[in-house]
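What follows is a set of notes on a single structure, which appears directly below.
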Amino acid sequence: MRLSFTPLSLLEPESLIVSRSQTSSLKLLQPFCWIDSVLVATGSLGFKTFECSVLSLRDSCKFRLNLKQRIYRRNFYTLNPQREHFTQLQAYPYVCCSVANTSDFTSGNSASPGPFRHKSTELSLLNVSEEVPSLSVRSDVHLGKIFVGNLPHYVKKEAVQEFFSKCGPVQDIFLVRNNSDPQKKKRGYCFLFFGGPDPHSAAMRAVELDGAEFYGKLLRVKVDYRSWQPHEKEKASNTFKKLIEEQPKEVRKVVNAFKRIDKAVERDYALLIHYYGKRGDKRGARVTFEKMRAAGIDSSVHAYNNLIRAYIMAQNLQGAVSCVEEMEIEGIFPNAATFSAIISGYGSSGNVEAAEKWFQRSVSENWNHNVAIYSSIIHAYCKAGNMERAEALVADMEEQGLEATLGLYNILMDGYARCHIEAQCLNVFHKLKDTGLSPTAVTYGCLINLYTKLGKMMKALEFCKEMKAQGITLNRNTYSMLVDGYVQLGDFANAFSVFEDMSEAGIEPDWVTYNILLKAFCKSRQMTRAIQLLGRMKTRGCSPTIQTYITIIDGFMKTGDVRMAYKTVSEMKLAGCRPNATTYNVIMHNLVQLGQIDRAASVIDEMELAGVQPNFRSYTTLMQGFASIGEIGLAFKCLKRVNEITQKPPIISYASLLKACCKAGRMQNAIAVTEEMAFAGVPMNNYIFNTLLDGWAQRGDMWEAYGIMQKMRQEGFTPDIHSYTSFVNACCKAGDMQKATETIEEMKQQDLQPNLQTYTILIHGWTSVSHPEKALICYDEMKAAGLIPDKPLYYCIVTSLLSKAAIARETVRNGVLQVTSEMVDQGMCIDLATAKQWQRSLMNVERRPGELTRAVERIFPPEWKATAEGARVKEKRGSAGNIPTPTTTTKRNKSRYQIMKREE
């Protein structure tokens, strides 16, 4: 039995009943208005099941609407005349067809039910006798009109017409332009009108292309049945949109501009929700969304997607998922943008398992032919460092006939750059160019980021040069990467030079760049220049962040200037940055490093007085401080407090205490910690045993380390690569290289191959016992095993060889020439402190600079010559030579970066 609601006058309840045989003769596509609520004056209608399927012309999608139950009696939905308004049908304006399916329909005695009455946008059954004419869609509404958003600004009308002509004959297209722009640039959306005998059906087919890719962008397509007045200026709405684009930081102005819109439409509400979402203000987004509902505007998938993004930006993934469930209850189904946002959110939070779960759901709902969804899940795996799974997804995507976009290639390159895999990153770069795509600033940024992380600044500068040759300007991110790369190498002169060039190029540094350079000054203990840079940052209109102040506080603490550190905390408060737990933890950590444990303990009281709750790191730092001075009782009190305030397993806090004891060399206290663990019922694991092995290895106690290895096996644990490496370190410290070699062979029998750290320890061990030739044999074995040397290993072998040059001059000479040649080929450059150390060793080997000195100086930092000249000048004047300031060095230093600039 079917129940059909229509806005005709004077209909009684009995006339609403239509038999199944009559439904085929109904003209279901005849437009009529919607029913918002139903009230019954007398009599009763009962339904055992009730559901309503609605086809809405406005949102162009089929919805399944559930009747909201407010009265429940004997498993029946009951319409009771004695109650107030009790049930609503959630329908949509301009409904084309509304049919309710019922079973076990019953009807009570009815007196004078009264007519339907149309009031505003609802039809209610009232006991008021009044005639209401039949309603229909307004005459100024075009049934074949659709809205197409997210269009590229350069797209032409012909391309849009060709794309949508497969849905039906296109009558006209109106590309909206920016009237306030003298060049009349396109605004990225249009209104399209279908013609022909059935424009409505064509519009319905076009809406199915919502989320489809068009010129690298995902289209937003929906039916728009508002009156078409293209020349009417919506001044308030345009002002609101302009404020969001030009003054996004002026929240009050944006909100007031929205309030001045007389009758805001769904587009205005969605834009405000999107604005709050970009700021991470989920509360503002939710309030705006509810106001939109209260205004009688229907929720759309676009509005929900903006709300979901707001929750994701606020790092509330559970709230975002709740929004998806809410929209499904309303009968609005997630689209590609919804799945893409949820997958990206979980990927950004590091929850790859949840991202994979939502990806599989999108596949099950036939959204697997969408590049945006694939890009989101691939980005999640790239961020997690699982490049194998990322490549497998790319292959799966290509098998389905989907072409990788430039954005996807950039994601892959960024993933390989994060993993420091140079070869694969370059392969993706070349593949990108082979497919006909043109690299952008983001593409080159991935390569520059890779080489700055690897310390190969020459390669990074080469790509900067190539980037400029392609007509691509270096942006703020590129300059920041170069600054960070030089800072990581300790080359503060070139870091400051890049920073100055950035300002000269008209690019104002942001807080990220300032913080990188501030960290460099604080690391080199140039606090005066750090304070000057902070002042420059403020005068240039860049507000210091809480991380900026934490960096300066850490710098003052490392120089031992506790008074200035606390003064910076006061300035931080005056600037409107409230100190957090991390701020006080930095002070506490440095006080522990300075040996002022009692003063570090008083910081806990300062935190509570300032209204800042001490966290896991606070008590862990204090616990490690007490352990370092042997106050094991107070350390256990901190351990108890840590277990009270954290939900982490107790094994983590015990491991922190044990590591602190081992690092301080207090192995008897470490044994006491393991006994306390046994008493508390906390089981041992590999990490605990490895920590004990590290402790005994640092002391060079090979036999105690051997006892730990035996106990480890007795308790059912298998030694891993870390265990064997620690034991090899203990053997090398004890000078027993024969036992170290036997341990390496035992590792290989257990299918454990030595890693870079193992070989570094072995090389240092052989040179320590005056066998540099065996150190070089280990180096060759390492390369034969397919391992690529890193910076610590290079530093170790060169330092070790130079220290033994007096007893094996020829061996050392050949070894150093081989290793330094490899470092030059890889574009490596050592820091200034290491250069000074090696120079002293070279002076003991060669009285006058010879072949060995020239080979080693090739990997010295660019400022080495300037520093050496400055030291000689000061030595003549009778003063010691210090590291020159970046300003002085910049004038004298013929660095590679400046040479590249002159060539340009």
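Heads up, the Cβ atoms here are built off N, Cα and C, so glycines get one too.
Keep in mind the model is a prediction, meaning the values are calculated, not measured.
Copied from TrEMBL, the annotated features are:
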- 144-226: domain 'RRM' (DOMAIN)
- 300-334: repeat 'PPR' (REPEAT)
- 335-369: repeat 'PPR' (REPEAT)
- 370-404: repeat 'PPR' (REPEAT)
- 405-439: repeat 'PPR' (REPEAT)
- 440-474: repeat 'PPR' (REPEAT)
- 475-509: repeat 'PPR' (REPEAT)
- 510-544: repeat 'PPR' (REPEAT)
- 580-614: repeat 'PPR' (REPEAT)
- 650-684: repeat 'PPR' (REPEAT)
- 685-719: repeat 'PPR' (REPEAT)
- 720-754: repeat 'PPR' (REPEAT)
- 755-789: repeat 'PPR' (REPEAT)
- 867-904: region 'Disordered' (REGION)
Non-local residues, at least 6 beyond the ends, that sit with Cβ under 8 Å of the repeat 'PPR' (370-404): 211, 213, 218, 336-337, 339-341, 343-344, 346-348, 350, 352, 355-356, 359, 362, 411-412, 414-416, 418-419, 421, 424, 435
Same-chain residue ranges lying at least 6 outside the repeat 'PPR' (720-754) that approach it to Cβ under 8 Å: 686, 689-690, 693-694, 696-702, 705-706, 709, 712, 761-762, 764-766, 768-769, 771, 774, 782, 785
DSSP-derived helix, strand and coil totals, residue by residue, for the repeat 'PPR' (405-439): 26 helix, 0 strand, 9 coil
Number of helical, extended and coil residues in the repeat 'PPR' (300-334), per DSSP: 26 helix, 0 strand, 9 coil
